[in-house]
Amino acid sequence: MTFTVAIDGPAAAGKGTISKAVAAHFGFAHLDTGLLYRAVGRRTLEGEAAETAARDLRTEDLERDDLRTAQVAQAASKVAVIAEVRAALVDFQRAFARRAGGAVLDGRDIGTVICPEAEVKLFVTASAEVRAERRYLELTAKGQDTTRAAVLADVRERDARDADRATAPMKPAEDAVLLDTSTMDIPTALAAAIAEIERKMPAKG
Ligand code: CDP
Ligand code: CDP
């Protein structure tokens, strides 16, 4: 059986948290597609051309523990504007989405470009202030030295670049279900996501 759950939305909306929990709940495989762009972005910080990095991205690039910094996030959103970079990453994402046993992918363009045929599409969002506060707490808990103002500025700048780019801009698919988590805790947001997936799952027996 193939069954694809596409979870898109802006930075720190809760896509990853919901995707991981949904994957564990249903036994689906999970791909955080932001990691692909972060890995390419990190290689450009070392001087490599983005197109080359995207074409020969390796598993080791995705396993590095330094991908979740604000600096790498900014580099990711810059390489994500380049059509050749996005094109080089399409086949891997599509194959992952259609793997047997079900898959959940989270990113910006999963429901619109990577998997327009996904059985479930969620667009998870929250106000920029709420998202920045969540990301600030996450980064400082990991020991990264930053300020609330810097995190809010990063979130706003990436949101604008992601939404305004010509290739695969961040936007809800026409048939996506919107989930605004501004005033939801994680269990509440997760329950809403699970309910939507169950509604779309093939009836058993
Ligand atoms: O994947 P994405 O960037 O959309 O967000 P995330 O990494 O899943 O969530 C960012 C942070 O917000 C994490 O520390 C989550 O624990 C937290 N979060 C939250 O406090 N409330 C939610 N409803 C969802 C996420
Ligand atoms: O966790 P957070 O939402 O902050 O970032 P991420 O999902 O790891 O994505 C980092 C950057 O990669 C985003 O700001 C986008 O520019 C880009 N991205 C994209 O263009 N398309 C995707 N499917 C996933 C990420």
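Keep in mind that glycine also has a Cβ here, set from the backbone N, Cα and C atoms.
Straight from TrEMBL, the features:
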type    : residues                                   : note
BINDING : G9, P10, A11, A12, A13, G14, K15, G16, T17 : ATP binding site
DOMAIN  : 5-50                                       : domain 'Cytidylate kinase'
DOMAIN  : 59-197                                     : domain 'Cytidylate kinase'
- Task: Could you check the binding-site residues A11, A13 and say which one's CB has the most other CB atoms within 10 Å?
- Result: A13
- Task: Would you count the other CB atoms within 10 A of the CB of G9 (ATP binding site), including those on all shown protein chains?
- Result: 25
- Mean of pLDDT values spanning the domain 'Cytidylate kinase' (5-50): 98
- Query: Using a Cβ-Cβ cut-off under 8 angstroms and a sequence gap of six or more, which residues of the chain neighbour K15 (ATP binding site)?
  - Reply: I7, D8, G9, D106, G107, V124
- Message: Cβ within 8 Å of the ATP site centroid (G9, P10, A11, A12, A13, G14, K15, G16, T17 excluded): which residues?
- Response: I18, D106, V124, A126, R131
- Message: Just to be sure I understand, if DSSP states are collapsed into helix, strand and coil, how many residues of the domain 'Cytidylate kinase' (59-197) fall in each?
- Response: 77 helix, 15 strand, 47 coil
- Task: Within 10 Å of the Cβ of T17 (ATP binding site), how many other Cβ atoms can you find? Include all protein chains, please.
- Result: 18
- Do you know which of the binding-site residues G9, A11, A13, T17 end up with C-beta under 6 Å from ligand 2? A11
- According to DSSP, how is the domain 'Cytidylate kinase' (5-50) divided among helix, strand and coil residues? 25 helix, 8 strand, 13 coil
